[in-house]
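Per TrEMBL, the features are:
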BINDING   42, 68  heme binding site
BINDING   244, 249, 267, 270, 325, 329, 346, 350  Zn(2+) 1 binding site
BINDING   271, 349  Zn(2+) 2 binding site
DOMAIN    7-85  domain 'Cytochrome b5 heme-binding'
TRANSMEM  181-203  transmembrane segment
TRANSMEM  223-243  transmembrane segment
TRANSMEM  280-299  transmembrane segment
TRANSMEM  305-328  transmembrane segment
Ligand code: HEM
Ligand SMILES: [Zn+2]
Ligand SMILES: [Zn+2]
């Protein structure tokens, strides 16, 4: 909202009306926020916000149960829609009383106020990023701008915003950077099923052997495919941690334009806009480079059928990882479930603890690497 326009004013009754999952408003003092779009994404669950709709949540934002981060508060400002008219409650009661006794129509001033409130769509909110004040120009593609931010890049990229990113001006190039989530299972699951079936049936014949030297070999148990498959999945969880921590979160030198740009394209843009649904999963073209390298290494290191079984377990782990990552951003898991804890953990990685909490499908590897997000203390 530009500073020259005066804020919209809502009556208490109007604010209280927005208490459903299709329209949920909350207050910080007299400031009114339409948080409907964020309900499903809230790591504390929808119910926590909905149960306080129409109410002042200033104290709740301080916690307990949770002291919200700076970024969570900044994030909330994107949903600011106007101010509460404190006197409206008393005024409306007075109007109602007068109407009841004298069956009168409300005065002109009240009618005007009601009309103004009714005209405001519940989804009309102020611009989520102040285009004039930000360090980059959101009206232009971002890919070639971020490299110029220098030492301001790190802080800027870790202040998330709720708006989609345009990376490139060229429409074809731009479209190539976007992937709908379902392409991941569509492309990779047939391969997972086919290779798994091939490995399972080959081993089930009971004739596979591992050659330790040219004339000494040991037999592979005919039902050992699930063991190698799970080993591959476990190996993937380690790769997932390493890629996220050491590649995606490498800190680019402040004066290296190209490394900053690469960081932004690989992962920075996901931290800047964590709910840009078109850029949450790996494009299959890019993923196939990693998948191909994973296959080539295992093929070199392990005997044929074992290497393939470990590979397909790892590939399955990757598909599950991408789906879970998508769900952690958009889903609303039940409190107490494994995914609820993972979601809270991952959103904290985005909003508050960008230097820890690198595990997505499991927090397991954060323990030996000492990057676990600490539990909250009050
Ligand atoms: C209405 C009352 C609210 C309650 C009771 C509440 C409660 C919580 C709780 C319990 C968590 C931690 C989840 C966990 O670790 O298990 C959390 C995290 C979070 N909440 Fe809320 N919340 C409320 C409103 C909001 C609003 C309005 C926003 C922003 C629009 C918000 C944004 C966040 C964010 C971003 C986190 C992740 C951690 C952080 O950055 O602080 N919450 N909330
Ligand atoms: Zn990250
Ligand atoms: Zn994420």
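Note that the numbers count up from 1, one per residue, in the order the chain is shown.
Heads up, the Cβ atoms here are built off N, Cα and C, so glycines get one too.
Sequence features annotated in TrEMBL and their locations in the structure.
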| residue | record | DSSP (3 states) |
| --- | --- | --- |
| 42 | heme binding site | coil |
| 68 | heme binding site | coil |
| 244 | Zn(2+) 1 binding site | helix |
| 249 | Zn(2+) 1 binding site | coil |
| 270 | Zn(2+) 1 binding site | helix |
| 325 | Zn(2+) 1 binding site | helix |
| 346 | Zn(2+) 1 binding site | helix |
Cα-to-Cα gap, residue 271 (Zn(2+) 2 binding site) vs residue 350 (Zn(2+) 1 binding site), nearest whole Å:
6
Local Cβ density at residue 270 (Zn(2+) 1 binding site) - other Cβ atoms counted within 10 Å:
20
Count the Cβ atoms, other than its own, that fall within 10 Å of the Cβ of residue 349 (Zn(2+) 2 binding site), considering every protein chain shown.
23
Mean of the pLDDT scores, which run from 0 to 100, over the domain 'Cytochrome b5 heme-binding' (7-85):
93
For each of the binding-site residues (249, 346), count the other CB atoms lying within 10 A of its CB, then report the residue with the highest count.
346
Other than its own, how many Cβ atoms are within 10 Å of the Cβ belonging to residue 42 (heme binding site)?
18
If you count Cβ atoms within 10 Å of the Cβ of residue 271 (Zn(2+) 2 binding site), leaving out that atom itself, what do you get?
19
What's the CA to CA span in angstrom from residue 346 (Zn(2+) 1 binding site) over to residue 42 (heme binding site)?
12
